[in-house]
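Colleague: First the structure, which I've put down as structure tokens, then a few questions once you've had a look.
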Amino acid sequence: MLRVLFALLVLLAAPVHAQEDVVLGMSQNRVAITANFDGSEILIFGAVKRESEIQQDPPLEVLVTVSGPLQPVTVRRKEKKLGIWVNADSVEVDAAPSFYAVATSGPFGDVLTDVEDLRHRVSIPRAIRSVGAPMGVEDAQSFAKAVIRIRTDNGLYQMLENSVAVDEQTLFRTSVAMPANLTEGDYITRVLLTRGGEVVSSYETSIDVRKVGLERWLFNLSRQKPLLYGLLSLAIAIAAGWGASAAFRFVRQGG
Amino acid sequence: MQIYLPIAEVSVNAFLLLGLGGIVGILSGMFGVGGGFLMTPLLFFIGIPPAVAVATEANQIVASSFSGVLAHLKRRTVDLRMGTVLLIGGLIGAGFGVMLFNYLKSLGQVDLLVKLCYVVFLGVIGGLMFVESLNAIRRTRKNAPPAKRKNHNWIHGLPFKMRFRVSGLYISVIPPLIVGLLVGVLAAIMGVGGGFIMVPAMIYLLGMPTKVVVGTSLFQIIFVTAFTTLLHATTNYTVDMALAVLLLVGGVVGAQIGTRIGTRLKAEQLRILLAIMVLVVCGNLALDLLLMPSELYSLGPAGGH
């Protein structure tokens, strides 16, 4: 219901400005996780298609977001009890993206108003959905903040202000560095065009992040035939143990 | 060279893993411990998810123990009979341990229990061994004859006696069964082989000669960790084969070197070194619990409370 309303609002809001659409290109629309995968840098570029003349004021600004699959996360907080630090309160954050990057063409506050941010869930805190805290936990907010802090430290959440280059209000480009510890899934990539902090146009596509080759095979085997996978692991372990023993015996006798 | 681990879903340096495997392998060969109590915390430290670290470590211990036991078999320092008795206890214990682990997981606080287990067991055993070995070294310095072990204690009054020729013992099967059982439970909870508990128990409780203790404990560890690996692989899907291979390549080579170093050292020196190592790891973990952590919050997958 909300979505329909929101779609209507977008439709109604659009004609206020002249029609502007995004034409998007990406250096790659899939990320293959191979055995030597070490992160990936994705170049996102595009142009603004419009029928009418370029509106000069307010200037066109561009926001690009890349979001990994949403997952529920349990956040625990340590407390000192009987002299040792133990996990005490825990809060379940209903849906937090495994990866989230926001790139903007200017300071975030100038590029997007707070109302629009709320509506489009653009900034990092808004991208995380946390419904309610259990009874007895007072500062549930600090748990959601902890998710952002920890993931920002790990390079999983990135706020990249002033990193989208816009030329002649028409061409734009940016790059997002994805770290090595990615989870599989469809990474939703959004481009929002704004004028005076209001979203005038948006475009959405996805980057397919998948394991391939040996990684894919091992992963599938471990899920589909776990017993076989376990036995194979053991067989490798025993063979390696025996092999090393035999090799050392050979070296000793030879030398 | 970075390598992406398919199950752990992180990218780590392959040479770092080989090196870690090698160092832990050397210790494994020297002391007859699986090395899990060192490796598991090290894997946490380099960013492997704990569940994957524990399960994969079990798999790696199979390899390094197998390599070690072959060297011991050749020197006839494995008491197969004693090993089998310990193993029967171990398998039963591991089964219980996994059930206990899952029960505690449903209550929460499983991390705390694991850490407390580490601190208590490592502290007590390390302390006892350290004092004992120090006394033994002092005695040999004075050229006094080594103190005779108590040959007759309550253990010798128990029924179901069995002759363990390689160890030169004629004792009841109940104490080794219980030792095996306890080690099995702890192995499942702490994600280790349990050698660091079994070795002292065999020396001090069962009165086995130090020479056969190492080989025999390795023998038991192989089967218990193999069982644990299969349990983890089939229930939690957390065994990372790529990680295991890298660790075990380093590990098996290290174990061979370690076994040879072990035969050159005196039993007392070996024991005091093991004691120091156990105490260092224990101290490290205790500090973790006592000092205020820099990050109070931690993230985990949902559902597992």
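Every residue, even glycine, has its Cβ placed from backbone N, Cα and C.
Remember, it's a predicted structure, so these values are computed and weren't measured experimentally.
Sharing the record's features from TrEMBL:
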type: TRANSMEM; residues: B:12-39; note: transmembrane segment
type: TRANSMEM; residues: B:85-104; note: transmembrane segment
type: TRANSMEM; residues: B:116-137; note: transmembrane segment
type: TRANSMEM; residues: B:185-205; note: transmembrane segment
type: TRANSMEM; residues: B:212-231; note: transmembrane segment
type: TRANSMEM; residues: B:237-258; note: transmembrane segment
type: TRANSMEM; residues: B:270-291; note: transmembrane segment
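Tell me about the setting of these features in this model.
Modeller: Distant neighbours of the transmembrane segment (B:12-39): 1-3, 5, 46-48, 57-58, 60-61, 64-65, 67-68, 71, 118, 122, 190-196, 199, 213-215, 217-218, 221, 225, 243, 246-262, 265, 270, 273-274, 277-278, 281; these residues of the same chain sit at least 6 beyond its ends, with a Cβ under 8 Å from one of its Cβ atoms.
Non-local neighbours of the transmembrane segment (B:85-104) in the same chain are 110, 113, 162, 173, 176-189, 194, 198, 216-217, 219-220, 223-224, 227-228, 231; each lies 6+ residues outside the stretch with a CB under 8 Å from one of its CB atoms.
Below 8 angstroms of C-beta separation, residues 28, 31-37, 40, 53-55, 57-58, 61, 65, 86, 90, 93-98, 100-101, 113-114, 117-118, 121-122, 125, 128-129, 132, 155, 175, 179, 213-214, 216-218, 220-221, 224-225, 228, 231, 271, 274, 278 of the same chain, each at least six residues beyond the ends of the transmembrane segment (B:185-205), sit close to that stretch.
If one looks beyond the transmembrane segment (B:212-231) by at least 6 residues along the same chain, the residues whose Cβ comes under 8 Å of a Cβ in the stretch are 31-34, 36, 55, 58-59, 61-62, 65-66, 68-69, 72-73, 75, 77-80, 82-83, 86-87, 90-91, 93-94, 98, 166-167, 180, 183-184, 187-188, 191, 193-195, 198-199, 202-203, 239, 262.
For the transmembrane segment (B:237-258), the list of distant contacts is 3, 5-8, 14, 17-31, 35, 39, 48-49, 51-52, 54-60, 63-68, 71, 229: same-chain residues at least six beyond its ends, Cβ to Cβ under 8 Å.
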Colleague: In terms of Cβ proximity under 8 Å, which residues at least six beyond the ends of the transmembrane segment (B:270-291) contact it?
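Modeller: Answer is 27, 30-31, 33, 37-38, 41, 115-116, 118-119, 122-123, 125-127, 129-130, 132-134, 136-137, 196, 199, 203, 210, 262.
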